[in-house]
Amino acid sequence: MGSPWKPFLLLSVISGLSDFARAVAARPISYAAVLRMKADRSSSVLSPRSIPRQHSSGGLATPDWPAFSSHPLSALSLLSSQEDYRSEESEEFGPVFIQEPDDAIFPLDSDEKKVVMHCEARGNPPPTYSWYINGTEVDSDADYRYSFIDGNLIIANASEITDFGKYQCKAVNSFGTVLSRDALLQFAYLRAFSPKTRGGVSVREGQGVVLICTPPPHSPEIIYSWVFNEFPSFVAEDSRRFISQDTGNLYISKVQPSDVGSYICLVKNTVTNAKVLSPPTPLTLKTDGVMGEYEPKIEVHFPTSVLAAKGVIVRLECFALGNPVPTITWRKINGNIPKKARLRKSQAVLEIPNIQLEDSGTYECKAENPRGGTAFKGHLQVYTLPQWVRMINDTQMDSGEKLQWECKATGRPRPTYRWLRNGLPLTPQVPIFTIVNGELTVHKVQQTDSGMYQCVAENKYGAIYSNAELKILASAPVFVPNPVRVIATLGKDVSLECKPRASPKPRITWKRGDRRIQPNKRIMLLRNNTLKIVNSSRADEGNYVCRAENQLGSAEMTAILWVKEAMRVVLSPSRVEVTVGESVVLSCKATHDTSLDVAFQWFFNQRPINFQHDGGHFEYIQTSSTVDLMIRSILLKHAGKYGCRAQTSADTVFAEAELLVRGPPGPPGVVIVEEITDTTATLSWTRGLDNHSPISTYNLQARSPFSLGWQTVKTDPDPVTGDLESAMAVELNPWVEYEFRVVASNAIGTGDPSAPSRGVRTKEAVPSVAPANVSGGNGRRHELVISWEPVSEEFQNGEGFGYIVAFRANGTRGWKEKMVTSADSTMYKYRDETFPPLTPFEVKVGVYNNKGDGPFSKVVIIHSAEGEPREAPSDVKAYSISSSEIRVTWKPPNPGPGKPRGYEVSYWKDMEQEESGKKQRTVKNETSMVLTGLEGNSVYLITVKGFNSIGQGPASAAVTAKTRKARECSSDTNHALLYMEYRLPVKFYENSVKLKCPCAHVLQVLLKQEGRGHNQVTRTINPSTMLSLPEGGTYIIEVRALSEGGEGAVSSQVRVVTSSGKLGAGFSPLTTSEIQSLCTGCVLFVAILSPALN
């Protein structure tokens, strides 16, 4: 058997360690453990313990950690949850709600005829349940409709008359009683409209009208709409028509003839979706005239005082009758309408989503038309349900101690508080206990005060509950562990603790052997019952007994004391300097009592070294009394203090050594631009760490939008020595934004750069860079085209940058200057009708900005445009090469200005206009062209003209050419036979084709072998010919006819496959193909031969 008492952690970490820390800090702490124990085995040494419980609310609730009564908790305690200690079967505790009843709406027309109100609690022993309806306990024996399943209440055949109201669940066990929050049970239904016929409404045209809905009994809210004449033709809302979701009425500000008809109010239940229609209301127009204009009258508006719960959507209605139709506007008095607000239904509804406290205020709607205006004001007030700021927690106390519980909540209106004990109201009983707002104080708790307590915070809109259990402890003293062994260091103080578990608190006495210890200057009894021995010696070794006694019993604890020699630790070397990249060994040696084991631990700047994480740099080697720390490949970050701690069961000794690391300098401090000119910047900075090696030089770097990263700049002085903290960057470009940084160097290397300075722009200056690559030429006649490469923004030196284009005819004295104001321009064109083509000009291009004119480029010679061709091509000739083609040749015009870059040939048929003809251009400067697609036996007129990038030159004189004549074939039919002869038997396959073609003089037969470049061409005037196939392979045969009209189209290909000069064995008949020959009135018969099949 173990100890007769069993500890359990009382805290469930539900809102984080930071919340817990704040809570603990709020109360004085006197003891070191928080334990839950059975009432008959508790200890008086334990002060009040607090345990968070599940809390309930009627609305919104947030968990919070109140100020704890006492006891700091260890990290282990915090990681244990309330569930852990209550999972023990032997742990007994009062009821704690797991599920409380929620508000519910039950449709009366539901197929499920039962209402279930849920309630569940845990506790040990398990709780029993009862229910209350509107404060009256439910008696399931008296009313068969009520039944219980576990903690749930089942209502059969629920009725709105008997079952509507607030429900509350009560859970009870031997440790106390708790009440749940209230839950409202409502019933959803929608009755039918009264069938009574509704009277008609008759108004004048232009008059306003209100059609009354008068909805039937319903619960909960309903949605209104109106049907015009017949379902489903709904009334569309606009600036003239409005349906109020508050009254359900239809408002028409100005009636028109199109409004005449029958109107039906349709309502829809938001829970059941049931819909019902009212009897129709006829709307007619009076015949006694038209209503004149009148000022607006607000017929529907929000209440003068609107209450809304925080977080909901608020909709304020405002609509007016009037002629003309009024315009609705909104404003908030003494404030602005929230930005999240939206205007709906032609501004008749102001909708504010997620309403907050700051949205409260007075709102005004105003209706206006040309006849006047009217306004309405109402106050919107936002309320909030109570929310917990501080709650009560389970607490265990010794009898006679003081209990102080405080609960605190926020809400609007401000919540009030009441207290319950075991489900009954708790009233103050001065001086035994007092209640002040949310604070309950019991000055001396007794066993009868045990039970379940509830703090209720409530306002007119809801209530929330915070539950806690109070246990009063009682147990005889118990010591764990027992005995206790203590090892002290010779000459040092030692403390022997006596901390029994007991309740009430016991009386403590100490003795050594049979003699009671009497306190003196060297042996003292502290208030916490600890025995302290000052300057311990060997004579103090022995057994010490602590006795604890209360009215429930007594117990003793023995402390065995040994006194050992003090330990000494030497750490060497105590101070060492190294350079980055080197290694060093620190040795730690301990001298101690050989009967005790020693353990070592290394620290870096007071923090333990993690050898697994930093194993790449740190390694240790330990013998019995010595441990060495090796630091490899040292970095700057390894500089600092290294500590060695040696520990035995008697004492602990700590020694430190300092490691200095030399390395490249650290980054300099903030770089400040002290002064800026057009080409210089004076910089200052603060020294960074020299890392134990003096700084020798500084390097100044700059970055601009035009540089590739950071670039070193020239300085004054040069170099910048390590004793300086200011220098000037020189030879900067004017009107460029720069950032600067500084890099320090020493004998070991170059360090990291400083942080960049703020961006600064150098001052403006006259441009110093002229445009490059000035050139030109081309253009139209009488144009001088000048081009250049633009100057980069980096070298424009200021605002208002542009170009000065200067030019003069070669041999003249005065310069003409033209301003080009765009910094991105790359060209300027000058036109003058007086100068001839290819006139040479001297040209230079300069720059300027707001500060003045800059340099010009070098003078270059540029010629004016040569212009379009001046002369027509000569010696133009044209002749027919077929019935559809004419070849045209010519000679280029004489050399001179306007050299052609190509030629355009125009051609048209005789007896037609030139404009109706066609044109073709040469690809380059060619002097011949073949015109195709022409009609046979036709005369064509042809001209040729040159062109270049400027334009076209004059056309040549027209020449004529006639295409060859093409005659139609006769209807006579001849036959031609093409065959291939072999030594093997053959078969003939014929295909007769009638060909319509020009008169043929000769047939051309082409024989080619696949894979060979050589072709065999045979021409014959005979209707047949013999072809020789000299070797095996695949042959292709094509036939075309030749005549005065030219070559005819080629026939389809005939493929023949042979092997060693013979047709291949088992070769199938080849597919016949049509051969289109150019013969006069002939039909060509083609036969493809293959070996006879056996």
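Every residue gets a Cβ built from N, Cα and C, even glycine.
Taken from TrEMBL, the feature domain 'Ig-like' applies to 95-180 (among others).
Residues or ranges marked as domain 'Ig-like' by TrEMBL: 195-278 (among others). This prediction places the mean pLDDT of the domain 'Ig-like' (195-278) at 93.
Look at the domain 'Ig-like' (296-381): DSSP puts its residues at 3 helix, 53 strand, 30 coil. Summarising the annotation, TrEMBL assigns domain 'Ig-like' to 296-381 (among others).
Positions annotated as domain 'Ig-like' by TrEMBL: 386-471 (among others).
Annotation comment: TrEMBL describes 477-558 (among others) as domain 'Ig-like'.
Residues annotated as domain 'Ig-like' in TrEMBL: 567-660 (among others).
Sequence annotations record features per position, and here TrEMBL assigns domain 'Fibronectin type-III' to 667-765 (among others).
Summarising the annotation, TrEMBL assigns domain 'Fibronectin type-III' to 770-867 (among others).
According to TrEMBL, the domain 'Fibronectin type-III' annotation covers 872-966 (among others). Across the domain 'Fibronectin type-III' (872-966), DSSP helix (H, G, I), strand (E, B) and coil residues number 3 helix, 46 strand, 46 coil.
DSSP places the residues of the region 'Disordered' (752-775) in helix, strand and coil in these numbers: 0 helix, 6 strand, 18 coil. Per TrEMBL, the feature region 'Disordered' maps to 752-775.
Annotation comment: TrEMBL describes 1-26 as signal peptide.
Ranked by Cβ pairs under 8 Å to the domain 'Ig-like' (386-471), the stretches 95-180, 195-278, 567-660, 770-867, 872-966 are led by 95-180.
Shown for the domain 'Ig-like' (195-278): DSSP residue counts in helix, strand and coil, namely 3 helix, 36 strand, 45 coil. When each of 95-180, 195-278, 567-660, 667-765 is checked for Cβ pairs under 8 Å to the domain 'Ig-like' (296-381), 195-278 comes out on top.
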